[in-house]
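To start, the structure under review is shown below, and the notes come after it.
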Amino acid sequence: MVERKLLVLFGSQTGTAEDTAERIGREAKRRHFQCRVEALDSYDVANLINELLVVFVCATTGQGDPPDNMKMFWRFLFRKNLPPGSLCQLDYAVLGLGDSSYPKFNFVAKKLHKRVLQLGGNPLLPVALGDDQHDLGPDAVVDPWLLTLWDKILALYPLPPGLEIISPDVRLPPKYTLNYLAEDSLHPDGGPPQPTAARAVPSELHPFAAQLVSNQRVTAESHFQDVRLIEFDVTGSGITFSAGDVVMIQPQNCTEDVQQFCQLLRLDPDRHFVLKPTEPDTSLPALLPQPCTIRHLVTHYLDISCVPRRSFFKLLSYFSMNELEREKLQEFSSAQGQEELYSYCNRPRRTTLEALWDFPHTTCAIPPEYLLDLIPRIRPRAFSIASSMLAHPDRIQILMAVVRYKTRLSKPRRGLCSTWLASLNPEQGDVRVPLWVKKGGMKFPTDPDTPVIMIGPGTGVAPFRAAIQERVAQGRRGNCLFFGCRQKSKDFYCQEEWELLVTKGFLTLFTAFSRDQEEKVYVQHRIQENRRLVWELLSSRNAHVYLAGNAKQMPAAVAEALQLVLQLEGGLSPSEAEEHLTALERSQRFQSETWS
């Protein structure tokens with residue numbers, strides 16, 4: 001009989017695709033499949049030619065880019081020398097997760113589906129295009145698509161005789177068993193090891209514990225937004241980077257939240273435990289020490305401040321002995337209850353910890369071994385590096401807005417990483433932050449004579465500060481910066497630094513202070529006003545253009561301004577201007593890095 005094996009591979013940036021992949025894994029177990037769920041880059045892609053049944057779940061990030069944990073897979077899959085029939089034995093399906101307010105909606109899923117088809121794969125279904133913009137979120141597409149998928153898969157791989165699909169009312173076993181250790185079996189120094197200076201280049205599995213050197217507010221105290229310029233000392237780490245690169249920071253939960261969580265779940269934070277996988281082919285969580293304390297698990301691993309997903313309420317409903325709470329949890333995890341779940345969770349940005357408060361009878365009945373199934377891990381946060389090693393050797397600086405906003409909930413919402421970093425005070429002793437560096441998407445020209453036009457409103461200026469410091473240290477002129485913020489007196493970051501470089505002839509600076517006059521002025525207006533210079537740099541001097549900042553309206557407005565420059569100064573028609581800008585993008589002369 002054919003082996004009933006299913007492989008679910010995911011590419012996930014924020015955790016939604018991983019959550020959906022895990023859901024498919026659970027549904028496969030209910031249908032008695034041997035199932036593995038893995039990140040695409042953890043999977044040995046050379047084995048793909050031996051697989052018979054694979055479901056790919058992948059998100060699209062940025063400007064149609066693959067998530068970080070599938071980039072190596074992506075490069076391999078698009079190698080020109082892969083033979084056309086190499087995946088002819090593979091039955092596959094692709095589920096995409098995207099956001100239709102971006103121009104390259106679900107680009108990665110569409111391209112992956114097409115490429116596997118080119119290599120001979122047999123698609124079980126058309127590609128599914130989940131959309132964040134839908135009133136019910138991506139599940140509006142995912143739910144019906146999965147029902148059809150299981151029909152197709154069970155037609156190819158029927159249930160073994162005598163076995164039925166395990167009912168959704170039955171709770172599946174946890175991924176790991178959690179065994180508490182007797183206190184006398186521990187060594188006196190048995191606390192979890194802190195990340196230390198690793199021998200290898202620091203990475204997610206081996207972060208470098210960098211010392212926090214300074215933490216300075218760069219907006220006026222009266223300004224609504226708190227923005228920090230933070231500096232880390234990375235001496236001895238082996239870290240190197242260039243302008244455009246990104247530092248990854250692993251945040252942690254605050255002490256107060258950790259205490260509340262432990263009280264709610266009646267957990268002793270100082271108890272030690274070890275984890276054992278329930279199934280032989282499951283690996284242990286790489287970032288957790290063994291043995292580990294409950295305090296370490298909750299502080300450094302469980303993301304108790306994230307907005308819980310539908311799968312959280314589904315699993316929680318199994319533990320509920322309280323009828324009212326169970327009914328509500330079941331409603332939140334049903335397809336019909338998604339609108340209600342959205343207004344309970346997503347709209348007000350309610351956290352996992354707050355949701356647990358609302359279900360007290362259920363929360364105190366959660367078995368500790370299900371914690372790792374219930375709550376996702378804390379993901380590292382990415383920050384554009386805002387300094388150059390040539391100007392600040394052995395230092396990394398970031399420009400960070402502290403995330404804080406109001407919803408209908410009484411307590412303001414706070415960003416986990418920015419709140420934690422902002423709270424750290426280097427004057428209170430040796431403060432350490434786990435970090436590592438990753439190559440960024442933006443590449444600056446190697447030819448010293450190539451001018452650069454940088455458009456960086458708000459904290460979008462961070463990578464350009466690194467680039468300008470780097471280029472000035474190399475004696476390069478031809479640096480042109482368009483910077484925008486609200487008010488010159490309140491949030492003009494690094495003002496003195498820019499003005500000094502202007503005086504020395506290293507920088508041409510254009511500023512847009514949107515609230516300093518009656519009419520709002522933004523960077524796109526300054527580009528149009530200075531169109532002759534922009535055109536001259538682009539047409540005669542082969543300039544490269546860079547854009548960084550918030551992904552909502554700004555990138556489209558800037559693209560429109562650049563197209564107007566091409567029309568008014570270059571004499572191009574609107575369609576030619578659009579084509580020319582696309583050609584600049586293709587040749588990497590126009591690069592952008594935006595975030596939502």
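For all residues, glycine too, the Cβ spot is worked out from N, Cα and C.
TrEMBL entries are annotated by machine, without manual review.
What TrEMBL records for 6-150 is domain 'Flavodoxin-like'. The predicted model assigns the domain 'Flavodoxin-like' (6-150) a mean pLDDT of 93.
Annotation comment: TrEMBL describes 12-17, 59-62, 97-106, Asp132 as FMN binding site.
Residues or ranges marked as domain 'FAD-binding FR-type' by TrEMBL: 205-445.
Under the heading FAD binding site, TrEMBL lists Arg349, Arg381, Ala382, Phe383, Ser384, Gly415, Leu416, Cys417, Ser418, Trp595. The Cβ of Ala382 (FAD binding site) has 15 neighbouring Cβ atoms from other residues within 10 Å, across all protein chains displayed.
The number of other CB atoms found within 10 A of the CB of Ser514 (NADP(+) binding site), across every protein chain shown, is 16. Positions annotated as NADP(+) binding site by TrEMBL: Thr459, Ser514, Arg515, Lys520, Val521, Tyr522, Val523, Gln524.
Residue counts for the domain 'Flavodoxin-like' (6-150) under DSSP, helix first, then strand, then coil, are 58 helix, 35 strand, 52 coil. Put simply, the two farthest-apart Cα atoms among Thr459, Ser514, Arg515, Lys520, Val521, Tyr522, Val523, Gln524, the recorded binders of NADP(+), are 19 Å from each other. For Tyr522 (NADP(+) binding site), the nearest of the binding-site residues Gly15, Arg349, Ser418 in terms of C-alpha separation is Ser418.
Annotated pair Gly62 (FMN binding site) and Ser418 (FAD binding site), C-alpha to C-alpha distance, rounded: 21 Å.
Checked against Val523 (NADP(+) binding site), the binding-site residues Ser12, Ala59, Tyr102, Ala382, Ser418 differ in C-alpha distance, with Tyr102 being the nearest. In terms of C-alpha distance, the listed binding-site residues Gly15, Asp99, Phe105, Thr459, Arg515 place Gly15 closest to Leu416 (FAD binding site). Taking the Cα of Gln524 (NADP(+) binding site) as the reference point, the closest of the binding-site residues Gly15, Tyr102, Ala382, Ser384 is Tyr102.
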